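Encoded as structure tokens, the structure appears first; notes follow it.
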């Protein structure tokens, strides 16, 4: 049985209530765990038990392997038990089990030792053994067992302890019937002491008749062919041997395998001095008596009683004798008792004082350790919630409260679910614009297009988006009329006259019958303004949508195919309120999708696009684009590594050039002046006048000539020295100029590599967005910060380095449910109070709630609020620093565009009748053109 934390796993029994319920209702549904046979009444109990079994905390009781789940441990035990039972000698099993039955032994190891000592020299019929005869080992089978001879039969026993052989046809010795004489009865009885059993049933006095097995491989080492021939003659013959020349295979009988066999076959209660008992199924199979004999039972009870008394005595010695009536003591005894009591009280008082001193010392040590721990400096960065602003940092101007992001500023912010669907659709269309043949557009343009409600002029952006998705969904497998079939299945569960917007399912199915049937063949040409895309959209929904993937299918199809009464439509269109009138909710007039699409609410349009984008993900074009992006990402990673190596090499060369220039400059300034000084010193010495004042005129003339010659030589040497100096200076100047030129060239190369690295980072962001989208990071409260610009087919820079943006905003998403649970588990911190203090009631975002920063000043304040001592906010701040040169210009560009378009009335306030004094076609979302569709379908 597998163990968990050193305890056996007990299977769950059905409750009494479940058993009674099963008797009263045999067809009651229950949960059955097939691997263990357990039965559960509720799925929660079944799942909890299965989860417990799947934990990697179980241990195989046979092999000791840990870190397994319950089923792996059970399988390991079964495999090991099967291997062990196949190896253990079958004739020995019954004898061993009969010997261990009802034995009272504390440890299993002691029981194994006793059994091994009793049976290591005792053999049974049909056992496979090794026989050592004439210096060789033979693999043999025990055919007969002869108990010790009686005195009348001693003449037949050979004097020598030598194995004698006989042929197969030789008459056998006296056959001993096992029923008449039980083999090893006394020696195998563990109740009899070992020495007594050895005297009464000596294994050395047994003789065995064995047969050499020719089909088995011999275990002895053979040398030469002669030995093989000598051994071949023994095959099939019989021998009479004794236990001194016999042995068992160690893989079949050893202490370890015997221990495993006994542990697998026996069990024991947890009570004191409980006997080892063979499991009932195994005892029945091997003929072991399962009913404890009366004599054995009394012996077990005596042992148990003695063990309990022994433990009770030990306990009383520790706690003192129980209170009972004492005999009257003498005066000497009373004095002695009083002295002992005083001494005991003194010892107790000293022990109590010692314990108090130790407790005080321990508390002091703990206090010092706590103070030391408090004084220990914290290593930053650390967990963000563990970082608190101290008074010094607050006085330095660090912000405590985060700037409040705008919740209503996000598109369709009144409904967070609609915004998430809107964001998902826009992100998909922009990222996969290349395989969809769709040019990029900003989030503001997409929002205004979804709010566009005029049939004339039509919105080209809506037509291009739906047309490219329709072309893409033609390659995705679909089921004909899946929407109709789904609605008919829904009708079976509803009442007969159930209506939505005053239209029944039968009327809706009839209206759908003749619209958009061949949508996959309708040509939606770009130069024809995608004429007919509304009918093709309805056909696409008929074949792709179901109530499972599009819950609002019935309402959307009804709005696309039915219109209200003309007077109700006029009254509702003349109202500026976005809330539809009750009359407009009754759609009774059948219409066409081309007329009714622009009357759809933005939420319905977003739901349609969300469905189409989810289906388009599985298209071949999108998958091929994702694989291509993966390949390009791998190439960019390799290029980035190579550029890093080149940059490092150029930097090292620049450093070496700068070092050489610094070494050469001191030599140029110090070499020639030394020579010049030496020359001047020699000229001064040569001009010293002679001490002899009475020279003749001839001597004076000779000296003047010699002085003139020396002067010429000095002037010539001086000229040559200056020439060498000028030549060396020119060479050094040329070398420095060359080194400077090389340094500038390397600096330009490094600048080129840095610009290429920046381009690689932008390209990497674009390609990575097509594979997976990750936020910039998280703040201390696990709010996720998103920036969606520059991903997929969108770029951060246009031609000529012009700034481009997609959203021009930073979005904040509230923490997930898992993050909230982790933060709330922090017992040493009041999480909600801290959020209220640092975020404010308006800035606290719930899970799946969104907000935004739309202005650079707000984002600057948010960056100032981030604390780089926390691991999450440090990573987030580094991400902002990395992309700040694109984030801030994009936000400013969006604000500039909004200011320009704000001079005109908003397109979202336009009505179905064209307002006077304003040309809606001049709106940015109406001027968008799909440049990628020129050469496409």
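Note that Cβ sites are derived from N, Cα and C of the backbone, with glycine treated the same way.
Annotated by TrEMBL as region 'Disordered', the relevant range among 546-568, 569-591, 592-614 is 569-591. The range from 286-315, 316-345, 346-375 that TrEMBL describes as region 'Disordered' is residues 346-375. As stated in TrEMBL, the feature region 'Disordered' covers range 148-171 out of the listed 100-123, 124-147, 148-171, 172-195. Within the model, the domain 'WAC' (28-137) carries an average pLDDT of 87.
When the region 'Disordered' (346-375) is classified with DSSP, helix, strand and coil residues number 30 helix, 0 strand, 0 coil.
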